[in-house]
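Peer 1: Dropping a structure here in structure tokens format, bear with me for questions.
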């Protein structure tokens, strides 16, 4: 593979803020990691440790412990996408720990970056789908009763994954492993300036602005309908339910905004900051942290969308109790078997 500094133009080097041509040490992979890079690694590690068990538990409960329904299919696919997001974190931590050196080869570079955006798009689209489903349930309940079926929901989920694949095609096409020096290579998207701005703008509009507007609007309609119906039945119960709905709406909207907005803003800052700027290194590190913050949304989704539901909490409590009882019974059985075996051995020796 040719040296990157010789095959890329000055415009492309400036576009990606590549300073490695000047600063990579001939004998190694770059400078020693500083406190900020270590903080980013710790942040990634925490998201991995929290996100994997939480989403794996949701996948297990919605996939194997709950009756098949439209809602369980939404949450199963959302948890599966979030679980895959969190499982990819160690592969992103390795280049971060090696000063952005990519050690996995060109095929893994293209596949990982493409699948990463596919899964992230899928997670966002599923959040929009869940919001639209709640909107339809309160706006057209009769239509939902006639047409809202698990089989149709399964095909909708397939369509969501295909749309996410369509949105991630640029990553599969343009991302490549490039050699910066004899001892360092990076996994980068080799766009032109025009295509980079177009791709980033489209990702911002389709991956953040439209989903955020949809999520907020749908949940606000749900809250308005719930508050309008709070006049029916016991006042305190209805008022408490309305407040609970409002808290969920605020939590869902804020988590989506706070987790995704910084990443999209920093995408634009990375493109607009000259590579010789004194702020370039800090912006790159901030972009790394913003990407991890977007992963935090995968940790929060099980709590916000699933665990707040009473039916799910009952199923998860029942499942955990069954697991605990099974482990306890198995331990007792092993102890009794060991005890009886020891007694028989002693009798034979007497």
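Cβ coordinates are placed from backbone N, Cα and C, and glycine is handled just like the others.
What Swiss-Prot records for this protein is below:
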| type | residues | note |
| --- | --- | --- |
| DISULFID | 109-187 | disulfide bond |
| CARBOHYD | 17 | N-linked glycosylation site |
| TOPO_DOM | 1-37 | topological domain 'Extracellular' |
| TOPO_DOM | 65-69 | topological domain 'Cytoplasmic' |
| TOPO_DOM | 94-110 | topological domain 'Extracellular' |
| TOPO_DOM | 133-154 | topological domain 'Cytoplasmic' |
| TOPO_DOM | 175-197 | topological domain 'Extracellular' |
| TOPO_DOM | 224-247 | topological domain 'Cytoplasmic' |
| TOPO_DOM | 271-287 | topological domain 'Extracellular' |
| TOPO_DOM | 309-350 | topological domain 'Cytoplasmic' |
| TRANSMEM | 38-64 | transmembrane segment |
| TRANSMEM | 70-93 | transmembrane segment |
| TRANSMEM | 111-132 | transmembrane segment |
| TRANSMEM | 155-174 | transmembrane segment |
| TRANSMEM | 198-223 | transmembrane segment |
| TRANSMEM | 248-270 | transmembrane segment |
| TRANSMEM | 288-308 | transmembrane segment |
Peer 1: For the transmembrane segment (248-270), could you work out the same-chain residues 6 or more beyond its ends whose Cβ comes under 8 Å from its Cβ atoms?
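Peer 2: The answer is 17, 124, 127, 200, 203-204, 207-208, 211-212, 215-216, 219-220, 222-223, 283-284, 286-287, 290-291, 293-294, 296-297, 300, 304-305, 308.
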Peer 1: Are there residues of the same chain, six or more positions away from residue 187 (disulfide bond), whose CB falls under 8 angstroms from its CB, and which are they?
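Peer 2: The answer is 95, 102, 109, 112, 113, 175, 176, 177.
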Peer 1: Taking only the residues in the topological domain 'Cytoplasmic' (224-247), give me the average pLDDT of this model.
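Peer 2: Looking only at the topological domain 'Cytoplasmic' (224-247), pLDDT averages out to 65.
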Peer 1: According to DSSP, collapsed to three classes, what secondary structure does residue 187 (disulfide bond) have?
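Peer 2: Strand, per DSSP.
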Peer 1: Please work out the helix, strand and coil residue numbers for the topological domain 'Extracellular' (271-287) from the DSSP assignment.
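Peer 2: When I sort the residues of the topological domain 'Extracellular' (271-287) into the three classes, I find 10 helix, 0 strand, 7 coil.
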Peer 1: If we skip the immediate neighbours and take only residues 6+ beyond the ends of the topological domain 'Cytoplasmic' (133-154), which ones have a Cβ under 8 Å from one of its Cβ atoms?
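Peer 2: Contacts with the topological domain 'Cytoplasmic' (133-154): 68-71, 73-74, 217-219, 221-222, 225-226.
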